[in-house]
Amino acid sequence: MQQPMNYPCPQIFWVDSSATSSWAPPGSVFPCPSCGPRGPDQRRPPPPPPPVSPLPPPSQPLPLPPLTPLKKKDHNTNLWLPVVFFMVLVALVGMGLGMYQLFHLQKELAELREFTNQSLKVSSFEKQIANPSTPSEKKEPRSVAHLTGNPHSRSIPLEWEDTYGTALISGVKYKKGGLVINETGLYFVYSKVYFRGQSCNNQPLNHKVYMRNSKYPEDLVLMEEKRLNYCTTGQIWAHSSYLGAVFNLTSADHLYVNISQLSLINFEESKTFFGLYKL
């Protein structure tokens, strides 16, 4: 039998003694060259490698671990659908009730408005029946007067302008330079006179408001101002005198303004005036 020649030493041959060979005598054995005697320069061959263990037969595939059975879902998880449905149903019912309440309130409000309007109409009609309307009475005009300076005034007491410019009169009368009271009450009376001159001679300046009534034997002075040394001698000068106070006047009282120097008065309507108004 043939053996591979590259197999490592030593090799073992089985020799059959009964076999004959044309190239060797029977019983002869050809030892391995390494088994013969070594010379002094020859080295011993390395030991043979350890025998290789035979490969195990192909193993069977490992069995798969048994599948763990899935846990059954909790029975409570199946209740979420009915719960959600119930919540939606409750919300819809609440919305419906709210809309019904709103509609009902609007209806009641409309009925209340209609009832109120009818009540007002009935009340107004009853008042008209109980108190029939009478022609509206004209309210008495408020007692007020404002008279301005009259440059044509040449006598005492002073005469005034009661028609033109800023002059006005209502609720009282103007008669011969005086204001006649028609209604008893409290009045604020005022008067302003503007004096001026080209040269100063220091003559006394008198300005007064007085009242005249048939009940009194003499005139009653209400307000008065008297000025001295109001200018420098020989120079142009000007002086303004103002009087004003509240008085309790009665019907038929006459009010006048008197001054001492008629020729020294500036009769411009913004500088000299006389008036009153009822409080």
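Cβ atoms here come from the backbone N, Cα and C positions, even for glycine.
Features of the protein shown, as given by Swiss-Prot:
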type	residues	note
COMPBIAS	126-135	compositional bias 'Polar residues'
DISULFID	CYS200-CYS231	disulfide bond
DOMAIN	143-279	domain 'THD'
TRANSMEM	79-100	transmembrane segment
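Scoring each of the disulfide-bonded residues (CYS200, CYS231) by how many neighbouring Cβ atoms lie within 10 Å, the top position goes to CYS231. In the three-state DSSP scheme, CYS231 (disulfide bond) is classed as coil.
Helix first, then strand, then coil: DSSP counts for the domain 'THD' (143-279) stand at 3 helix, 72 strand, 62 coil.
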